[in-house]
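I'd like to ask some things about the structure below.
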Amino acid sequence: MDLETGIYPNHAKKESWKTVLTLAYQSLGVVYGDLSTSPLYVYKSTFAEDIHHSETNEEIYGVLSFVFWTLTLVPLLKYVFIVLKADDNGEGGTFALYSLLCRHARVNSLPNCQVADEELYEYKKDNVSLSPKTSFGSRLKSTLEKHRVLQRILLVLALIGTCMVIGDGVLTPAISVFSAVSGLELSAAKEHHKYIEVPVACVILIGLFSLQHYGTHRVGFLFAPVVLIWLLCISAIGIYNIMHWNPHVYQALSPYYMFKFLRKTQRGGWMSLGGILLCITGSEAMFADLGHFSQLSIKIAFTSVVYPSLILAYMGQAAYLSQHHNMDSVYRIGFYVSVPDKLRWPVLVIAILAAVVGSQAIITGTFSIIKQCSALGCFPRVKIVHTSSKIHGQIYIPEINWTLMLLCLAVTIGFRDTKRMGNASGLAVITVMLVTTCLMSLVIVLCWNKSVLFAIGFVLFFGTIEALYFSASLIKFTEGAWVPIALSFIFLIIMCAWHYGTLKKYEFDVQNKVSINWLLGLGPSLGIVRVRGIGIIHTELVAGIPAIFSHFVTNLPAFHQVLVFLCIKSVPVPHVRPEERFLIGHIGPREYRLYRCIVRYGYRDVHKDDMEFEKDLVCSIAEYIRSQSIESNVANEDVGKEDDKMTVVGTCSTHTNGVQLGEDDADVVESTDLASTSKLGEIRSPKGMKTRKRVRFIVPESPKIDIGAKEELQELMEAREAGIAYILGHSYMRAKQGSSMIKKLVINYGYEFLRRNSRPPTHALTVPHASSLEVGMVYNV
């Protein structure tokens, strides 16, 4: 698999059943680790305080009925049969829905969008018929495109869901590991077990986060077997408890027991829904991790293994508890009390392993969604380490990893019980589901062109269920539910400040860009000395000449013989194909040797390292020069316009019939050939000049290129031999005098603090310090 393209084996319709079943098996460890460990703490959190287990069994039967129908309606009906179909070219999650809406309604939050981006293959993926102009979907689309306030509300909604996912990345490892370790309470003395659980849980969490930099691919082969063994284990224990304690427990699956439960418990029963909610923690992973697998494989794994195993596990616990009413209140109602004595230690070990697997999945998912946010300009730039050269999506972000670890330890040590952890985790989970429901309703109308009645029915049905659970979780604000709200608020402030600052910076660049007429006025020599080599000026602009260039020319008397204005940008699609990677065009006349190069990446693409990128960049410029020379309609009448004509050019591997770049290591190069079937000439380097590479272009024999293109290729080849230098802007932003106090706080303190403590914009290129030059500027926005 090509790391750059990030294409997953996500073509279930074309794959054999063997492949589909293999993906379904692998998805057990990645997708369902969190969901499968929920039996560890659901009953314990539900009966923690609000309701009590009585001899009538109405409470336990009512809870079982709620669990069964919640699992059936939300993960099975909502996600498996509806939400999974709303994929973005095989990708899922909150940002996938937002990306779909951005493309269909043209409400993209990225400032440097181009019409050419709409020609991308994945941008045009949805071949749905256009809705009539009089339809509700068309009117809704027009309304969204006209009103910036609605666009910002949509973005904030997506960011709230994202922030809650990050909060879940803090809470899920804490509650999963702590609940698994809580089995020690049945094996240690009553006065000692509470002093054992927290240290053991903390040690496991520290070990889990400390191993993240090795990558999950090293131990990932154990994930699916661990979860499968765990599911088989809890289902077998469930069957045993049903047969041994209460074979008639299946009657509690009737929704009538939910009514009896609420009628008897009333307010206490409603408040206990926050514990029942935990039975669907991890359901969002089915959609969020869709890009690693396929819809069919995830559906098969859930319907054939996960769903029946969980139902049997919950029924088994209810069957055991229905015959045990006088239990010691110290231990409360937990998972391990229903496990036969002889199996408790083996089950404890398997539970801890399953909790670690579930925690690993949510940690990796947190890394992935932060990468997506960063790519779409909604999160400060962070260091992204790809831990596997073969498996796309396995990344490690050091800053986020250690932040999550500290927060996990703080939650574990601060709460020290599953009750408050469950309240916090439940609110985070249900908020993400509510956001998904809201975004899905818009997708149904705007992207699927379905009836508005279908969208309203979807929102009313699932939104009512989730709003009920949300209210039950929110009422526990002072009992732990404040944690995800506080975490989400902090991350939301960070994201909004960064996004606002990024937009203002881009607006400043657009307003202060240099006119092309100023460049043309300098003449062919540009009024300064041109030195050997390629100069790459990094800019966020997709049109025009950045102000940093004039600032650079003013302070330095010379620059390189070939100058490239490079813009690396993200587009609202998950992946950009290699053949669509580059947009290249001339700036000014051909003899100026100035080029604009826009490199497009999807929000899940992997950036190549600097050497591969440099090779692709130079080769693509050479291919652009060749392709322009052989076009019959090539002319210079458009030269000098602001919107230069841009041509889509792929990477070296995609134009095998075009120009190819050959590089050989050499200490001293005396001559360089431009290889072709007809020799184009020979360029000699100055005597005694040492270069790092011997470069040659291999040009196809047919069709022929003109003399001007030959000279242009020769000069590009000579410049590549001399080396590449990166000219980077180092900006400081300040709010203008007279700006509001909020703007000054956001720009002068918030954004600037984040900018100083985040990675530079060219970090993805790994620019060597010896080849870089920074030009400082102050932005008054």
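Including glycine, each Cβ sits where the backbone N, Cα and C put it.
These figures come from a predicted structure and were not determined experimentally.
Below, the features straight out of TrEMBL:
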DOMAIN    23-519  domain 'K+ potassium transporter integral membrane'
TRANSMEM  60-81  transmembrane segment
TRANSMEM  149-167  transmembrane segment
TRANSMEM  196-215  transmembrane segment
TRANSMEM  221-243  transmembrane segment
TRANSMEM  268-288  transmembrane segment
TRANSMEM  300-322  transmembrane segment
TRANSMEM  343-363  transmembrane segment
TRANSMEM  395-415  transmembrane segment
TRANSMEM  427-446  transmembrane segment
TRANSMEM  452-470  transmembrane segment
TRANSMEM  482-501  transmembrane segment
DOMAIN    533-780  domain 'K+ potassium transporter C-terminal'
The transmembrane segment (482-501): which same-chain residues, six or more beyond its ends, come within Cβ distance under 8 Å?
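Counting only partners 6 or more residues beyond its ends, the transmembrane segment (482-501) has Cβ contacts under 8 Å with 109, 155-156, 159-160, 162-164, 166-168, 170-171, 373, 377-380, 407, 411, 424-425, 427-428, 431, 733, 746-747, 750-751, 754-755.
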Mind pulling out the one from 60-81, 149-167, 196-215, 300-322, 395-415 with the most Cβ pairs under 8 angstroms to the transmembrane segment (268-288)?
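The stretch with the most contacts is 60-81.
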Compare 60-81, 196-215, 343-363, 395-415, 427-446 by their Cβ pairs under 8 Å to the transmembrane segment (149-167) and return the stretch that comes out on top.
427-446
Is the transmembrane segment (221-243) in contact with the transmembrane segment (343-363), using three or more Cβ pairs under 8 angstroms as the rule and ignoring pairs under 6 apart in sequence?
yes
Using a Cβ cut-off under 8 Å, which residues of the same chain at least 6 positions beyond either end of the transmembrane segment (300-322) come close to it?
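That would be 20-21, 24-25, 27-28, 31-32, 35-36, 38-39, 42-43, 53, 57, 60-61, 63-64, 67-68, 71, 75-76, 80, 228, 231-232, 234-235, 237-242, 244-247, 249-250, 252-253, 279, 286, 333, 335, 337-338.
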Applying the under-8 angstroms CB criterion, which one of 221-243, 395-415, 452-470 scores highest with the transmembrane segment (60-81)?
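That would be 452-470.
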What same-chain residues lie close to the transmembrane segment (221-243): Cβ under 8 Å, and 6 or more beyond its ends?
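For the transmembrane segment (221-243), the sequence-distant neighbours (Cβ-Cβ under 8 Å, at least 6 residues beyond its ends) are 25-30, 32-33, 36-37, 39, 249-250, 305-306, 308-310, 312-317, 319-320, 338-340, 343, 347, 350-351, 353-354, 357-358, 360-361.
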Six or more residues out from either end of the transmembrane segment (196-215), which same-chain residues have a Cβ under 8 Å from its Cβ atoms?
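Residues 173-174, 177-178, 181-182, 184-185, 188, 352, 356, 359-360, 363, 385, 387-388, 394, 396, 398, 401-402, 404-405, 408-409, 412-413, 416 contact the transmembrane segment (196-215) from elsewhere in the chain.
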